[in-house]
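Residues or ranges marked as domain 'Cytochrome oxidase subunit II transmembrane region profile' in TrEMBL: 1-91. Taken from TrEMBL, the feature transmembrane segment covers 27-47, 67-87. Annotation source TrEMBL lists domain 'Cytochrome oxidase subunit II copper A binding' at 92-222.
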Amino acid sequence: MSIFGQINLMDPATPIQEEMMLFHDHALVLLIGIFVFVVILGVNLIFNKMSSRTMLEAQQLETIWTIIPALLLIWLALPSLRLLYLLDEQPSDGVVLKSTAHQWYWSYELPLFSSSSFDSYMLPMADTMNENGMYRLLEVDNRVSVPFEVNTNIITTSADVLHAFAIPSMGLKMDAVPGRLNSMNMFINFPGVYYGQCSEICGANHSFMPIVIESFFFGGRL
């Protein structure tokens with residue numbers, strides 16, 4: 001969970017989110033460099049006392065300011081493509097978790113642990129206020145329990161309208177579309193409880209579809 005006044009992103013819980021944060025820092029270096037360069041040029045133009053209406057050819061300068069931005073775009077594109085390919089990896093081993101979106105709750109199936117499905121509803125605000133350590137509008141009555149350090153293939157779909165399965169600390173965000181299955185891989189590094197929400201505008205109660213995943217040791221729950 002993020003904390004009050006937090007400036008940086010949430011602590012990563014999966015290798016994918018770690019790669020996303022590295023790419024974020026990588027892109028931020030480029031953006032800050034461009035911003036500083038433009039500010040310096042702007043200040044120089046403001047205090048420049050030279051005035052000339054004559055346009056002179058500067059082919060060398062045009063070549064430089066064409067090649068350098070192209071190199072900067074390549075510097076940004078290569079790690080971006082690498083990250084896209086990492087997001088598409090789907091290991092064949094591990095656990096399968098199916099999540100079905102409804103208005104406005106989630107249904108889950110874990111074939112490895114149980115053949116039946118269960119629903120996950122948001123807890124009323126009064127219940128969370130009476131318990132210490134519970135987050136308002138984020139706690140659910142049935143958490144999803146998956147093992148950590150095990151590949152988990154999350155398959156999501158929707159039973160009614162468009163939804164989105166999103167857990168920021170794991171770098172997960174995929175659409176839940178009626179009549180279609182979308183999947184992403186999740187590899188949790190640490191045991192703990194991780195929170196997310198539906199990030200699609202799916203109706204009046206769109207902001208009341210929390211997702212809570214609890215990771216545990218494969219040999220037994222914590």
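The backbone N, Cα and C atoms fix where each Cβ goes, glycine too.
Curation plays no part in TrEMBL annotations; they are all automatic predictions.
Taking H, G and I as helix, E and B as strand and the rest as coil, DSSP gives the domain 'Cytochrome oxidase subunit II transmembrane region profile' (1-91) the counts 61 helix, 0 strand, 30 coil.
In the domain 'Cytochrome oxidase subunit II copper A binding' (92-222), the DSSP tally of helix, strand and coil residues is 11 helix, 64 strand, 56 coil. Confidence annotation: the domain 'Cytochrome oxidase subunit II copper A binding' (92-222) carries a mean pLDDT of 85 in the model.
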